[in-house]
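Structure first, then comments.
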Amino acid sequence: MATKSSGLAKSAAVKLSEMGERTKQLGTAMRDPHQQRRIILVIVCVALLLDNMLYMVIVPIIPDYLADLESEQSEHVHVVMHPNTSSNSTSQDNSNKNNLDIQIGVLFASKAILQLLVNPLSGTFIDRVGYDIPLLIGLTVMFVSTCIFAFAENYATLFAARSLQGLGSAFADTSGIAMIADKYTEEAERSKALGIALAFISFGSLVAPPFGGVLYEFAGKRVPFIVLACICLADGFLLLTVIKPFSNRTRENMPVGTPIYRLMIDPYIAVVAGALTVCNIPLAFLEPTIANWMETTMHSSQWEMGLTWLPAFFPHVLGVYITVKLAAQHPNLQWFYGALGMVIIGASSCTVPACKTFGQLIAPLCGICFGIALVDTALLPTLAFLVDVRHVSVYGSVYAIADISYSVAYAMGPIVAGQIVHSLGFVQLNLGMGLVNVLYAPALLLLRNVCQMKPSYSERDNLLEEAPQGLYDSIKMEERKAKKKGYSSAGNCLSVDENGFDPFRVPRSMSEESSGPEFT
């Protein structure tokens with residue numbers, strides 16, 4: 001008996017020792033800068049996935065749920081007001097349907113509208129406190145809004161939950177993308193990391209409707225939201241464990257970012273922001289209108305309408321992959337990839353009304369998502385590069401502008417698209433969206449000389465007179481040493497000797513830096 005207990009004790013000791021070793025290895029891996037960057041990328045990608053799943057998961061759920069609520073209320077009112085008559089039932093049904101369409105449109109748009117209003121404030125807040133705390137705030141708000149969605153039983157509560165989600169997205173999306181741009185300072189790595197984030201955004205948007213529809217059908221309204229809330233909670237705990245926002249002292253070394261209003265009037269950033277808005281208009285306008293058009297013209301089944309956008313995920317990922325590879329080889333052609341994407345979006349949008357079957361419709365929808373992938377993957381890293389060479393290398397405000405661009409398209413979509421279809425028709429809507437994309441593409445020619453811009457002297461350089469602190473500052477120190485030898489590791493700007501710019505000759509005064517010249 002003693003021998004058996006001794007053996008058990010030894011076995012337990014061995015297991016504890018192995019667990020301790022694994023914990024030690026995990027801790028060492030988390031302290032490694034490269035491993036930490038990868039974990040941060042995972043955290044941000046999960047946050048973006050959740051946000052876009054929450055945005056789209058309600059598409060198959062809320063209209064049916066609100067219709068049930070509306071029918072219950074109308075039946076109750078009809079029985080109370082007219083217990084012995086059924087007159088005017090047709091006009092009453094039409095009125096209820098119109099009211100329901102308006103309610104659904106406002107509910108869908110409320111998230112993007114609030115996100116649009118909050119983004120200027122969230123971008124400035126992120127520039128002041130860093131990226132980790134705003135990301136935690138965003139995940140917390142998204143968790144609360146998802147729980148409210150799960151247990152909401154009336155329109156007002158659903159509206160509050162949807163609006164609250166816009167508040168969380170304004171913090172989570174902007175800080176997440178900005179954190180990726182800050183951690184991945186080399187242009188090729190930055191493009192690749194942002195491409196991975198875009199793939200998660202696409203996956204969340206396209207897989208959410210079938211995910212929500214299946215769970216709603218077989219498990220009820222609450223289950224899809226509870227699943228997403230649990231994932232959100234797990235991502236928040238991972239953020240607290242890995243990044244430790246409240247004990248992170250690197251924000252003390254952050255320079256003051258360029259105010260968002262100055263970034264908005266930068267012509268290069270304005271062109272990029274306009275392209276991001278225009279290229280997302282077809283997707284934002286088709287999502288609330290294409291199901292009714294398919295039902296009217298194709299007599300499509302429910303599963304076809306539910307899976308409309310799912311095949312487009314694959315060309316979107318392919319577009320991200322191709323753009324990342326091309327950008328690594330020819331970084332000076334980022335503007336061309338974006339312009340090509342807008343032309344593809346325009347051509348695909350114009351061909352949507354010509355489709356007669358579900359199989360034919362897949363091709364132009366795939367073309368739209370492929371073009372969006374080209375534009376987003378080419379232009380999101382360009383925003384970070386523009387901030388690096390023309391302003392201060394703090395990315396909260398510039399990616400708040402990018403989020404504003406998306407929000408403009410998705411705020412107008414559920415409200416404006418239906419009115420355009422009702423007034424002009426579905427064909428005219430698609431032709432107009434296609435024409436706008438094709439006409440905007442030449443504006444990206446303004447970005448063709450971005451690769452020749454000279455780097456501005458950032459306030460962060462002052463901080464690097466001391467020993468570097470953290471991964472970002474270490475890389476910046478290496479880049480400065482490289483520039484002294486006459487070359488740049490950024491990959492898409494000219495060398496120091498070639499463009500005649502030496503950051504070490506710029507006055508060291510903080511006041512001179514903040515009012516220093518900008519290079520165009």
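Cβ atoms are placed via backbone N, Cα and C, with glycine included.
Curation does not apply to TrEMBL; its annotations are automatic.
Database features (TrEMBL):
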- 39-62: transmembrane segment (TRANSMEM)
- 40-520: domain 'Major facilitator superfamily (MFS) profile' (DOMAIN)
- 133-152: transmembrane segment (TRANSMEM)
- 193-211: transmembrane segment (TRANSMEM)
- 223-243: transmembrane segment (TRANSMEM)
- 263-286: transmembrane segment (TRANSMEM)
- 306-324: transmembrane segment (TRANSMEM)
- 336-355: transmembrane segment (TRANSMEM)
- 361-386: transmembrane segment (TRANSMEM)
- 398-421: transmembrane segment (TRANSMEM)
- 427-447: transmembrane segment (TRANSMEM)
- 485-520: region 'Disordered' (REGION)
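Contact between the transmembrane segment (306-324) and the transmembrane segment (427-447) does not hold: fewer than three of their C-beta pairs are under 8 Å, each pair 6 or more apart in sequence.
Here the transmembrane segment (427-447) has Cβ contacts under 8 Å with residues 267-268, 271-272, 274-275, 278-279, 281-282, 285-286, 289, 334-336, 338-340, 342-343, 345-350, 352-353, 371, 382, 417, 420-421 of the same chain, all six or more residues outside its ends. Two recorded stretches are said to be in contact when at least 3 C-beta pairs lie under 8 angstroms, sequence spacing 6 or more; the transmembrane segment (223-243) and the transmembrane segment (398-421) fall short of this definition.
Tallying C-beta pairs under 8 angstroms between the transmembrane segment (39-62) and each of 133-152, 193-211, 336-355, 361-386, 398-421 places 193-211 first. Counted as Cβ pairs under 8 Å, contacts with the transmembrane segment (193-211) are highest for 361-386 among 336-355, 361-386, 398-421. Model confidence over the domain 'Major facilitator superfamily (MFS) profile' (40-520) stands at 78, taken as the mean pLDDT rounded to a whole number. Counting residues 6+ beyond its ends, the transmembrane segment (336-355) has Cβ neighbours under 8 Å at 275, 278-279, 282, 286, 290, 319, 323, 326-327, 361, 363-368, 370-375, 377-379, 382, 426-427, 430-431, 433-438, 440-442, 444-445, 447-448 in the same chain.
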